[in-house]
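Note sheet for the following structure.
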């Protein structure tokens with residue numbers, strides 16, 4: 001029975017891995033955007049983390065996840081004689097597939113090893129596989145998803161080293177050193193998860209000190225070695241012209257830059273400040289749902305310590321949550337590594353009520369976060385070259401025999417930032433697409449930008465030079481007054497929006513306005529009018 005359940009959950013995980021929801025801009029801009037632009041020369045815009053004077057993001061742990069698959073695809077297309085590099089949609093789904101495979105193999109394997117009792121392992125693996133976090137966050141290209149795997153395998157190796165008392169565990173210590181370096185360079189939050197469980201290694205190292213402390217030498221030596229490689233990789237990435245002496249004399253150590261940046265509360269204020277209880281009272285319940293409620297209820301028996309608290313997984317997750325709660329910027333994805341750890345401590349209740357609530361919770365959040373959350377941004381950006389080519393006006397400066405150039409400006413409004421790399425390559429330069437991200441500016445500001453850019457149309461029926469497009473959620477009621485309706489003969493404004501393309505599976509949660517509109521009207525607008533559309537902006541009377 002458990003095998004059939006696990007296989008069904010595996011199919012569900014594949015479905016969500018290939019669904020184009022968009023959970024946070026970091027999943028594109030701190031990974032695929034960087035390497036797609038570097039390897040394939042796709043249009044890209046590096047985020048500030050990579051362009052600051054003291055960059056805070058390392059490419060060392062990202063290289064095997066993004067650079068290697070993209071480079072292999074580039075090589076494969078070149079070997080098969082393809083005239084162009086791999087299209088962005090292929091890159092997009094291959095990277096999603098890589099994240100799925102990493103989670104399927106490494107996360108499930110680690111969970112299976114971390115549970116000490118064989119009779120609980122199958123149920124625990126199924127429980128973790130049934131979490132919407134596994135379906136969605138863990139299959140997206142987040143550094144947090146990679147951190148989950150590194151934390152889990154860090155705990156696995158610590159357990160192997162501690163349990164194996166008769167051997168020096170040189171190889172396990174070397175691998176643990178690599179995981180520690182990769183984890184720190186991936187996210188500076190990584191040590192919070194392994195700091196306390198790692199104390200179990202001290203007696204092991206001390207016990208081996210009777211003879212030469214081979215395990216300790218292995219861990220420290222390989223740690224220094226991998227640290228040096230990581231620093232050299234980052235220095236070469238950010239300063240390509242630097243010599244080896246330059247890298248040794250003035251290295252770029254991104255974790256230190258990251259720590260210094262996040263230690264300044266004024267920097268964190270730019271990203272949003274939260275109360276210190278946000279992780280425990282909001283984020284963990286959002287990630288774990290009824291399982292977290294059952295864990296909280298079990299604490300009422302104190303001072304008797306619940307069984308699920310008496311293991312390194314729970315200590316790792318809860319101690320990390322306490323440490324991360326010190327910092328005032330708190331997002332749910334920071335706690336993604338806690339999900340498999342805490343669920344592996346939880347004994348599945350045989351109550352039908354709990355199982356029903358668990359399934360409803362994960363199904364609802366799975367569809368919301370895995371399909372609808374900003375779900376139209378990626379399909380719209382992938383379709384944008386085709387939309388523009390089919391609808392734009394050719395520029396007037398093309399000479400006879402030349403490929404005419406189509407220029408367009410695309411305004412994105414009330415969406416997450418569109419990944420530029422999804423526009424792909426354009427070797428014939430027939431398309432010139434300028435993307436302007438207006439984020440959530442007031443509606444009148446959008447119209448003002450359109451009025452500035454749209455050329456005058458003095459003669460009715462004349463064609464306007466260039467093209468202007470607007471991408472926005474269909475729930476943005478402000479645009480209704482400008483939307484062109486063929487059934488209406490009257491022109492309500494001097495500016496018209498002609499809908500060219502739409503994608504139904506898109507919900508913009510940032511557009512919720514319960515305070516002004518009320519709960520029901522807001523939900524009716526945001527959910528009832530779900531979808532993302534592409535409009536072409538024109539002045540009234542222009543063709």
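Backbone N, Cα and C atoms are what each Cβ position is placed from, and that goes for glycine too.
Here Swiss-Prot gives transmembrane segment for one range in the set 311-331, 332-352, 353-373: that range is 353-373. Tertiary proximity for the transmembrane segment (98-118) is limited to same-chain residues at least six positions away from its ends with a CB under 8 Å from its CB atoms, namely 10, 13-14, 17, 65, 69, 124-125, 128-129, 134, 138-141, 145-146, 148-149, 152-153, 155-156, 159, 311, 313, 340-341, 344.
Here the transmembrane segment (176-196) has long-range neighbours at 58, 60-62, 143-144, 146-147, 150-151, 153-155, 157-158, 161, 218-223, 225-227, 230, 234, 254-255, 258-259, 262, 315-317, 319-320, 323-324, 334, 337, meaning same-chain residues at least 6 beyond its ends whose C-beta is under 8 angstroms from one of its own.
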